[in-house]
Amino acid sequence: MMELNLSRVDYLQSGITSQKNMKLLPMGKKDQSNKSAYPTEDMELLDCDFAKAPNKAKSNKGTQNIAVGDHNGVVQVFGIKKGEPVSVFKTLPSQKIMRLELGGPSGGTKDRIFVSAGSVVKGFSKKGKQFLDFNTNLTEPIQAMFVEGPNLFLCGNYVYNHYADCQDKNYFLSADKINDVITLPVDKSDCITPVLACHDRVLRVLKDSELLYEVEVPGPPQVLCLYGNDGGEEGDEVLYGTTDGKVGLLQLSRTSPAHRWELLNDKRSGGVLSLDNYDITGDGVLDLLVGRDDGLVEVYGYDETDEPVLRYSHQCSESITSIQGGVVATPGYDEVVCCTYAGWILSLTTEPQHKSTGPGQEIQVDAMVYSKIQLLKNEIEELQKQVMTEREKYHITAQSDKAISAVPHFNINDKFLLNREDASYTLSLEVQMAIDNVLLQSDVPIDLLDVEKNSAVVSYSAINPEEGNFLLATYRCQANTTRLELKIRSIEGQYGTLQVYVTPRIEPKTCQLRQYKIKPLSLHQRTHTFDENRPYNILKLTGNFSMAEMHSWVSFCLPELPDRTPPGDSATFHFISTFLDTMLECTYRRGEAIFRSDNISTVSILKDVLTKEATKKQMRLDITYDINDYSVPHTLNLIHPKLEEQLLLAKKVQLIDGLKELQVHENDVNYLSPEYQQILADADKLKAEYKKQPCHLERLYGMITDLYIDKFKFKGQNVKSKVPTLLEVLDNYDLPNLIDFFESSA
Amino acid sequence: MLVPVFTLKLNQKINPRMVTIGHFDGVHPCLTCGTTAGKVFIHNPHSRSQRGGRIEIGADQDITLLNINQSVSAVNAGQLDPNKQNDVLVVGTQTNLLVYDVDNNSDLFYKDTPDGTNAILIGTLGTIENPMVVIGGNCSLQGYDMEGNDTFWTVTGDNVCSLALTDFDDDGYYELIVGSEDFDIRVFREDEIISEMTETETITSLCSMIDSKFGYGLANGTVGVYDRQTRLWRIKSKNHAVTIKAYDLNGDGVPELLTGWSNGKVDARSDRTGEVVFKDTFSQAVAGIVCGDYHMDGTDVLICCSIDGEVRGYKPATGEAKGTLMDTNIEQETVRDLSQRKQNLLLELRNYEENQKAAKLSRPSGMGELDQHQMGIIPANTQLQTSLSVNTGSEKEKPHVELAIATTNDTLIKAVLIFAEGIFDGETHVVHPTVNNLSNSIKIPIFPPKNVPIDLHIKAFVGYKTSSQFHVFELTRQLPRFSMYSLTTDNIPEPKSSVTFTINERINRVVLWINQNFLLQDDYATSGSLEVKFLSLRSTGSLIFRMESSGQVVLKMDDMDTAGDVIQALCLALNIEDLPSTADFPDDMEHLHEILVKVDEFNSARQRLTAEMADHSNLIRSLVVRAEDARLMGDMHNMRSGYMELYNLNRDLINGYKIRCNNHEELLSCLRTVNQMIQKAGRLRAGKYKTKVVNDCRAAIKNNNINTLFKIIKSGMA
C-alpha cells in the first residue's frame, strides 16, 4: 500500500473557532483571480515584493478558497497564492459565530456561506456580499445548523427548528442536548429526513415534527457527516463521531437503522470533533478524514470489505474543530485543511515542501518565508511598543484609588468525560494562550493518573483534609502548551467538587476557576438497553416532592442527565456501571421515585445521598426498600471474570522477571512448561496490559468490600470489623467460597 | 533528519546506567552492559572470542556473558595501564570491585569495598600520575591504580551517585565532580573540595562537556548544564533522565547534551541554551548512551541502548545537514512561533482595552452590566504584602518560619501557590482555604529542612468569594540561610559543644552577615564585642555566636552539622580561603566511639558467619552424595532422611544469609556515619585545613588509632 506522506503548512490564524466553523468553497467555474475585486483588509500582506510579483500568467484556476467564521464574529474567505493567504473578503467583528455551513440551490453548487451567530443566520455570497440576515427570534442561541437548498435546520440546546425559505415549518423538542444536525440528501429521496445527534447517546431521526426512530450509538455523538458526502448509494448512510473518540457508519433507512461499522477508540485518542470524506490517497475511493479534540488528525482508507483502515495520522497541539479535504494552495495537490480551536488554519498537503525543481527556485521559496518572518517580526516590534505604553498606563492606574482592574474572561475549552474502558475521567483544558500553570483542588478523595502525552510537570502539595482539601496538585506547563489533558479516578459514593484554576501566560496575569462535579455515582453511564432479567434491589421513595425536585436530585447523583426536567408526567432513565456492568433504572414522577439496581452498593449510595439532600430541604421522605438476596451472588458473578482475569494477570506479570532471568541463564527454555513459555512469549503484551489498568485489582477489592458492608447495612448490621476476614478470603480467591462468606457471615 | 546508521536487537535486558564501551583488545570497541542475574555482557561483532573462565558464550554468537555472581551495581571500561593499549573492564557490586582484563580473560584485581560501589570512573585525576579507577560509594570516594593500590581516598557528604572528570578551573588538570544524595555537586581538586553547588534532588548523572562545562541530571527529571559554578540552563520533565552524555551530533564542533529518558525518549540539547536539536524515541526506557567507533571507519558513532536491548547508532550530521536535525520545517516553526507571540501581544492589548472599557462603565452606583465580583474586578490599587517572620510555635504547632500574605483592601485571597525547591514535598506548596475561611490575609508555615537560602516564588489568586476569575499576584521572596533560628535574649543554657576560630575581619562585617543570613525582625547592631543567641526551631538546641574585637570567634552549639554550615557560609561571605579551628563536641565524640566499637563487632560477626557458611556448604556436598548414593542403592529410607537433613540445612543457610544481610546493612550504616562524622569535622574548617583533617582522619582509621582520630577532630591536626 502506498505510504501517505503529508507535510504541514500553516496558513493563518483567525479567532477562536467552534466545531464546523470552516469550509472549503467549491472550485470556481471561471478564473477568479481578479485582484481588484478584493477588499483591502489584508492588503498589507501584498506589500512585500514577492506577493506583488506578477501572477497573471498562472491563473488561480483549480484551487479552492477557505471560508472561516470565528468567535469574534468575523467571517472571512481567503485563497492561497504562492503560499501566502490572500483575502477575498472579511467582515467586521460582531457576535460570536457558532457554525458555518455552505448552501446553494438544490442540485447546484454549494457556494453560499451561511453562518449562525446568536439567534441570527446570515448568508454571504462567495465574494462577500451579504444576501441574508434572518433573525429567527429563537430564545436560545443557535448551536447547530444545516443548510439544504431552501431549507434551514437550526438547533438550540434542546430545540430543533426547520425553516423553509425562512418560514417556520417544523419543530421538535429533544430529550437531551442536541450536538449536531444534518439531513439526508433530498435529491436521493424525495422527503426531508433530519438527523439529530443528541448527547444521551442516540441519533434521533425525524419526519416533519415527529420522531421517526432513535438509534443508540456507543458514545455521546458530537458530529455527523454524510457518508461519501452524499449519503452513499441510497443516500441514507451517515457517519457519526462521539465525544469518547469513536466513529461509526449507520444506514438510516426509512423504517429502521442498521449499524455498518464502528471504529473503537483503542488508543484512547480524543473525542471526534470533525469528519470529512475526501480522496487524499488518490486511489479513487473517498477516504475518511477525522479530526479529534486532542489534536490528532487521522486519515482512514477502506479495505476490500469497506472497513476503514488507518492510513495516516498527524498530531497537532490543539483540538481540530473542522477538517476538510480539497485543493487550496497549488492545483493538482490534494490537501487536508484543518482548523484548530485557537483558530489556526493549517493544511496537511501532498505537495512536497522542499521543491526540487531547481536551486534558483528553492532560494526564492526561502526568501519568501524569510520576508514573511521579517514582516511578522516588524509587526511584533510595533505591537510590543504599543503594549509597553499600555502596560505603563495600566500600572499608573494602580496608583489611583478609584480605578479598577478588570481583565476580560478568556475562553477555556474544557471537557470532563468518563472513559468507559478504564472507568476514569478525562479532563481536558484548552486555552488560546499558552498555559502557565494549572492548580487542581478537590474536596473528595480522587486519584490523578499519569497521561503519557501530557508533558507538564506535576507536583502534589501536602494536604489537610480538615481544610477540605483532599487533593492539591499543580501542573507547571512547558512553554507553548495550549492544551492539557488530565486523568482522574473517582470512587463511587464519595462526592464533591473538583476545582481547577487555569493561569495562562499573559499579562495582566489572571486565572480562571472551573468547577466539575464528582457525582456520587460517578462511574455510571447512560444506556438505552436494560436487562429485565437480573435480580434487582428496589428502592422506593415517596414524599411530597415535585418531579423537578426529584430530577434535580437524581441529576445530582448521576452523570449524563439533561439539565432540564424531562417532559411528561414521569421519566425513566437507565444506567450501566462502567466498572462492574451492573445496571440501574430510575423511574420517577411527582411524589414517587423508584430505583432498581442489581448492585446493592448503588442502591445504598442513592439512599444515603437522597436522604441527605431531602433533609437539607427539610422534606420528609418515606423510604422503602426491597433487597433481593440473589442480587449479591449475581453481582459477585459479574465481578468474577474481571477479578479472575486480573489475578491471573498479576500472577503472570510477577513471574515474568524470574522467567526472564532463567532465559538469560539457560540458552534453551524448552524444558519450561508450555504455560511459562507462553508467559515469556507474551511478556511485553502482559506488561502493557498490566500497566494500562493501574490499581484495577485494588478497585475491585474495594467494590467487593463495599458490597459486603452495604449488604449488611440494609440488614441493620455493621460488619466493618469483619472486613479483614473478607480480605483474607479475597487473598485466596475462589468464587463459591466468597459467596459462602457473604451468605454465612452475619 | 538524522536516521540511525544501525539498529541492533541484542535480546538481552540492559540495566539502566550500566552501559559502557571498551576497546578490550586495544582495537575493537565492544558494547558492554550490565544485565539481569548478576551478569555483564559484551557485544563484540568484530571478532570471535574464546570461552572458559568467567566467559560463557550466549545464544547470540556476538555476545559473551561474564558471570559476576552478584548483582552488578556499576560498569565501566577504560585504559588503566598507560603502557598498554587495551581497556580494562571494571565491574562494581555492592560489596566488591572487580577489575578484569577481557582480552586475557583474567582478573587484574578484586577488592572488598565495604562502602559499596554506586559509580565508577576511570581516568587521571589532577596531578596523580597514573590513571586510576575511582569508585563512589556510601559517603566515600576511593581510587585504585592498575595494581590495585589504594591511591586516593576522601569522604563526601552523602552517598555518591554520579562521577565525572572535568577541567573545572582551566588549569590543565582534571577535577573530579561528584554528585550525591544530599543534592550537592562537589568539585574535588584531588582530595580538596574547591566548589559546592546545591541542587534540588539527588544528582543521578553527571558528564563532562567542553571546557569547564558539565551536564547533570537529577532524580526528579531535571537536566541542565553548568559552566563552573554558574548554571547555564536547566529543564524539568515529568520523566526521569536515566543517562546523559556529551556528543557533537549536529557537527558544529561543540558537543550537545544527550539525554536518555525513562519514557524512551532521547534528545540532544545545545550546551548553551538547552534548545532541542534532535530527538528520537525508543519503545522502552533508555538504559545508556555511549559513543565509539563501532563501524571501525574512523568516526565515532553515538550509540543509544534501551533496557530491552535495542541498540541504535547515529552518525553525526555532516555537510548540508549540519545544524538541521529536526524533522520539522524550521521556517514553519518560526512563523508559527512568531504568530503565537503576535497573538499573545494582541490579546494583551485587548485586555488593556477591555479594562479601560470596564473602567468607563464603572459608576459609583455599581458596575452597570458587569458583575463586579463574578468578573473578579478588583480595585486597581490592590497590593499584596508579604512578610517573613520566625514563629516559635505553640502547643499545637511546631516552631516554623511564617510567611504572612495579605491584600491591602477587602479583596480575598482565594489560593496561594509557592514554587520553591527543596523545602516542600514537591516543587510547590498550595494553600487553599475553604470558602468559609476566605480572608484577605493568609499565614503559611514553612519548615526549611536545610540551611540554604531559598527563593520563594509566590503566586496569590486574589478576587472575591463568588469570582470565577482571579488576579494573579506574583512576587519572589528570599528565605535567608539560617531562617530556622530565632534570636533570643533570654538566658538559655549554654551548649556543651563549641568551635573556636579566629578571623581577621571587623565585627561590623560579621554583624552585617548575621543580619543577612538570619531572619531578624530588626537589624542587629553592636559596638565592641559581639554576642548573639539563637534558638533552633528544629529543636536541636541553641546557637551562641561570640566574637571578640581581637577576631576570635566562639560558636557554641551541639549540632555539628549546622556549626559546619555556619563556618562554611561565613567563609564564603567573607572570602576566607583557609580557616583552622578547634572543635569540642563531647556528645558526638561519644557517639562516634560507640559506632567504632559497633563496627568492630559487626566485622567479627561477619567473619564468623562467613566461616559458618563455608562449613555448611561442605556439609551439603557430603549430604547430597550420601542421599544420591542411597537413591541409587534403592535405600529409600536413608535417602529420605538425607534429603530431610539437606532441607533443614538449606533452611539454616537461608537464615544465615538473612542474618548476614542484616549485619551488612547495619555495618554499612555505621560506616556511613563514620564517614559523615569525618566530613562534618572537615566542614568545621576551610580550605587546606579541611583537606588535612579529612586525610588525617582517614589515616587514623586505617591505622585503627582511635585516640588520634578524636584528637584530629578536636584540634584539626594529629
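Quick reminder: no glycine exception, Cβ is built from N, Cα and C everywhere.
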Per TrEMBL, which of B:335-362, B:391-418, B:671-698 is coiled coil?
B:335-362
Within the same chain, where does the domain 'BBS2 C-terminal helix bundle' (B:688-714) have neighbours whose Cβ lies under 8 angstroms from its own Cβ atoms, ignoring anything closer than 6 residues to its ends? I mean 6 or more beyond.
153-155, 191-193, 578-585, 589, 592-593, 596, 674, 677-679, 681-682
What are the helix, strand and coil residue counts for the domain 'BBS2 GAE' (B:396-482) according to DSSP?
3 helix, 48 strand, 36 coil
Relative to the domain 'BBS2 GAE' (B:396-482), which of B:20-123, B:162-269, B:489-571, B:586-683 accounts for the most Cβ pairs at distances under 8 Å?
B:489-571
Selection from B:20-123, B:162-269, B:489-571, the stretch that has most Cβ pairs under 8 A to the domain 'BBS2 hairpin' (B:586-683):
B:489-571
For the domain 'BBS2 platform' (B:489-571), what are the DSSP-based totals of helix, strand and coil residues?
23 helix, 24 strand, 36 coil
